[in-house]
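Noted in TrEMBL for the protein shown:
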BINDING   Tyr40, Gly65, Cys66, Ser67, Asp90, Asn91, Asp118, Ile119, Asn133, Arg200  S-adenosyl-L-methionine binding site
DOMAIN    61-159  domain 'Methyltransferase'
Amino acid sequence: MTSSQDNIYAKPYQKVSDFQFDDKVAGVFNDMIRRSVPGYGQIINTIGDLAHKNATPNSKIYDLGCSLGAVTLNVRRRLEGRNCQIIAVDNSESMIERCKQNLSAYVSETPVKLICGDIRDIEIEQASIVILNFTMQFLAPVHRERLLKKIYDGLLPGGILVLSEKLYFEQDRIQATLDDLHLDFKRANGYSELEISQKRSSLENVMKPDTLQQHEERIRAQGFDQFSVWFQCFNFASMVAMK
Ligand SMILES: C[S@@+](CC[C@H](N)C(=O)[O-])C[C@H]1O[C@@H](n2cnc3c(N)ncnc32)[C@H](O)[C@@H]1O
Ligand SMILES: O=C(O)C(=O)C[C@]1(C(=O)O)C=C[C@@H](O)C=C1
C-alpha cells in the first residue's frame with residue numbers, strides 16, 4: 001500500500017480545524033496511522049490470524065471504518081476456500097476510492113463489497129467476524145451502544161467482534177504516564193512538538209476515547225459471552241468479544 005509522508009500538521013495554523021478523514025488525510029493515512037498508533041502493524045496481522053481461526057464457511061466478515069483497506073487486505077488473504085464475503089464500509093469517499101485501488105492490486109477468490117456509507121446505517125447479518133479497528137472512537141458516544149447491539153444481533157452464534165481503540169484512564173497518573181509514552185512514540189517516529197500539539201487540538205472534538213471498563217461493560221451488556229483485551233501498548237488496545 002503506497003502512502004506519502006504525513007506532514008499535515010508540520011506548518012503552524014492560526015486555527016486548527018477539526019480532524020476529518022478527507023482527501024488530504026487519506027493520501028497520507030498509511031504513514032500517519034503507523035507513526036501514530038503503537039502496535040498497528042501487529043494488530044493488523046493478528047486480525048488476519050483471528051479471521052483465519054474464526055471465519056466460518058459461507059459467512060460474512062465486516063470491516064467497519066475500513067479506511068485504505070489494511071484489515072480487509074490482510075483478512076482476505078487468510079480465508080482460502082471458505083466461500084466468505086467481506087463487507088468493508090467507510091463514510092469517507094477519498095478513503096473508499098483509495099481502498100478500491102488497493103484491493104484491485106491483488107487477486108483473490110473472496111469477494112469484497114465496498115460500501116461508502118455510515119456504519120450506523122448498514123445492515124449486519126450472517127457475520128462470523130466484525131472488526132472495528134480504531135473506528136468506534138470517532139462515533140459520538142451516544143451512538144456506540146446501538147452499534148454494538150446491531151453487531152451482536154448480526155453475529156452468528158460463536159461469532160467474534162474485534163474492537164481496537166485508544167483508551168482513556170480515570171487514574172490520573174496512569175493517564176498522564178501512558179499518554180506521555182504515546183507522545184514519545186510519536187516523537188521517535190519523527191513528529192515535531194508542533195505536529196503533535198496541532199494534531200491533538202484537531203482530534204479533541206472528534207475522537208472521544210472510553211475507559212476499558214466502559215468498553216467491557218457495554219460489550220457484555222449486549223449479550224457477549226466472553227471478553228478480553230488481547231493487545232495493549234500504552235493507551236491503545238485491541239479487544240475481542242465472543243457471542
Ligand atoms: C482510524 S480510521 C480506521 C483505520 C482502519 N480500520 C485501519 O485499520 O487501517 C477510522 C475510519 O473510520 C471512518 N469512519 C468514522 N466514522 C464513520 C462512520 N460513522 N461511518 C463509516 N465510517 C466512519 C473514517 O472515515 C476513517 O476512515
Ligand atoms: O491519538 C492520536 O494522537 C492519534 O493520532 C491516533 C489516531 C487513531 O487512533 O486513529 C487518530 C487519528 C488517525 O486516524 C491516526 C491515529
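Quick reminder: no glycine exception, Cβ is built from N, Cα and C everywhere.
Just so you know, TrEMBL annotations are computer predictions that nobody has curated.
Summarised as a single figure, the pLDDT of the domain 'Methyltransferase' (61-159) averages 98. Note on Asp90 (S-adenosyl-L-methionine binding site): other Cβ atoms within 10 Å of its Cβ, all shown chains, come to 26.
The maximal spread of the S-adenosyl-L-methionine binding site, taken as the longest Cα to Cα distance among Tyr40, Gly65, Cys66, Ser67, Asp90, Asn91, Asp118, Ile119, Asn133, Arg200, is 25 Å.
Tyr40 (S-adenosyl-L-methionine binding site) falls within a helix when secondary structure is assigned with DSSP. Sorted by the number of other CB atoms within 10 A, the binding-site residues Tyr40, Asp118 start with Asp118, the lowest. In the three-state DSSP reading, Asn133 (S-adenosyl-L-methionine binding site) counts as strand. Cys66 (S-adenosyl-L-methionine binding site) falls within neither a helix nor a strand when secondary structure is assigned with DSSP, and so counts as coil.
Cys66 (S-adenosyl-L-methionine binding site) counts 29 other C-beta atoms within 10 Å of its own C-beta, drawing on all protein chains shown. Counting every protein chain shown, 23 other Cβ atoms lie within 10 Å of the Cβ of Asn133 (S-adenosyl-L-methionine binding site).
In three-state terms derived from DSSP, Asp90 (S-adenosyl-L-methionine binding site) belongs to an extended strand segment.
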